[in-house]
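According to TrEMBL, the active site annotation covers 327, 386, 409. The Ca(2+) binding site annotation in TrEMBL covers 449, 451, 498, 503. Positions annotated as compositional bias 'Pro residues' by TrEMBL: 10-20. Feature annotation from TrEMBL assigns compositional bias 'Polar residues' to 33-42. Look at TrEMBL and you will find 319-412 tagged as domain 'Transglutaminase-like'. Annotation comment: TrEMBL describes 1-58 as region 'Disordered'.
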């Protein structure tokens, strides 16, 4: 045998057989696996012996009436009558009733029984996953019980779940003490019940003491989401559909898919934080795949969706992320999730929303020495708008005063604790600069408070700030007004007035927590640039007016550059259609003096390059020759799309057939190919779609669909048309259904 040593060759360990990382298991770490699935359950024994053999072949124990019909007291009192479900749905912290029929009259002195509630795969009393409820005052559990009525062999029992109990789907049993042991009813899925958050009860963490706001943010199925530009606001109708059949189960499946421990599901802070990660698919195979590319061949274009129902049901049935979403789709589906579980919520739109790459309060725009924008070196972006959610809850983890509305955002932008999620962040904390409070307050603070800083890049690579715009970001924050179809300006809930003493104090406080601001304050140029608001339809030629205003008492000349780009609504440039258009402005004389220059824009220069939402972004930059000062102006022009015509005809009564008709005329000379039209209406029509392979230029189409309303009241029928050449075409009709 040789005595020479052999040096082993280093190599990577072999991969798992499946090619995937090994699944984390609990063996050796916990006695039983952590219960993290509402759909899994443990069979509760039908008979528990006291050690004495009991009789065999016992007859069925009892009959239970869950009182679960929509017109019965439980669903009416708990505001759950609109849920399309065969099971009882109630809200925690509030009494509901069940009728129990025994084989003889109940004797409170001798008979002992309990109504048991079980959730998850390893129910335990100490974990709040096994709850026995007793009918007598001398023996109570965290859930209160009492007998409210007795009639022959039937008793009516009132049960009040704890106001902080786990939210989800419970199994219910009736357990009776006998001389031989405890006998239970057999498992019966008709006795399963759902328990939700309760914003009507003061002891619940999501209590909202405003009836009009509560009705809008929990019960309203139809929403309006704002988009476009702050000076040209558009509206998008959305059917949240939180009461539709299967949606509640889909929401519970989302929490199961995240492997969220059952015991955490009574805490709205933990539920909303987990859901903000699960609504996107970036790192956990969540609900929606985000795409801003313009190519949606493998799914549905974000602009084509009309509601949340199809998305949630598809995810729950396929167990695969749904394609595709952008910020308003994430916010709308998240809103459905929150309202379905009983957490008050609303969709919020922030116009000119900052997304910087440095984690500071500066959005950097780089110019060359002549004042032209350097797009290669400009990395930060300003979204024309960005949608997120607010949900209402107390925050016992924060100091007093920081409960109420909380920002949560499912759009995957930046990671938080290693996952793509955001919030809940207290709106009050954001307004007052307390950005150290969890969760992600600093990120949201920057979205509404960043400064736009223009830097001039010298030949040696150094950057000199030449202009700071402190009012452009977070220009307007909107949400729907409760109870009507108007919009509500909530900017003042996020920030103090620009330039106020309070605002300066807040920004100084944010700096103490590490948010860096631009300290320099370049002198304001004495020449202003003004770009007008334009209303232009897709396919139109137009003129852009550039106005120069001289505020000095001396003549000024300005070398000016204009660039026009087709941009996504995220501010990211797709292509340039007006490249460094330049002219030497007329000489501007004594104050007040102004000169206008007109720039002609031909539709042929931008039409073939348009991306969805049809945004044109103009940046005008210039250098005042006499002073060397840089002047700038930016304008987003959102081109107007043609409209869909939606008409509804027919009886107008519950259970009477009606017809919805969608009409559209292609206004262009070119053909539209691969066209999808979608239509739905809360309470009247489930989501439907129709495909047209071709709509020739100048031709029209008509699509009629019959439907039967299921409930009375006022609602809307909404429709979208979508194809690669034309996105974001909408139409709607308001209808009233009589009983």
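Glycine residues also receive a Cβ, built from the backbone N, Cα and C atoms like all the rest.
Excluding 449, 451, 498, 503 themselves, the residues of that chain whose CB lies within 8 A of the CB mean position for the Ca(2+) site are, in sequence, 470, 471, 473, 474, 495, 507.
The binding-site residues in question are 451, 498, and the one with the fewest Cβ neighbours inside 10 Å is 498. Sequence-distant contacts of the compositional bias 'Polar residues' (33-42), counting only residues of its own chain at least 6 positions beyond either end whose CB sits under 8 Å from a CB of the stretch, comprise 25-26, 118-123, 127, 129, 168-169, 171, 252-253, 255-256, 259-263, 265. Neighbours of residue 409 (active site) among the recorded positions 327, 449, 451, 498, defined as a Cα within 10 Å of its Cα, are 327. Along the domain 'Transglutaminase-like' (319-412), the predicted structure has mean pLDDT 91. Proximity to residue 386 (active site), defined by a C-alpha to C-alpha distance within 10 angstroms, is shown by the following recorded positions from 327, 449, 451, 498, 503: 327. Each of the recorded positions 327, 409, 503 was ranked by the number of other C-beta atoms within 10 Å, and first place falls to 409. Each residue contributes its Cα atom, and for residue 449 (Ca(2+) binding site) and residue 327 (active site) these two points are 20 Å apart. Of the recorded residues, residue 498 (Ca(2+) binding site) and residue 327 (active site) place their C-alpha atoms 27 Å from one another. It is 22 Å from the Cα atom of residue 451 (Ca(2+) binding site) to that of residue 327 (active site). Counting residues per DSSP class in helix, strand and coil order gives 0 helix, 0 strand, 10 coil for the compositional bias 'Polar residues' (33-42). Of all the recorded positions listed (386, 449), 386 sits in the most crowded Cβ setting, with the most other Cβ atoms within 10 Å. Each residue contributes its Cα atom, and for residue 327 (active site) and residue 503 (Ca(2+) binding site) those atoms are 28 Å apart.
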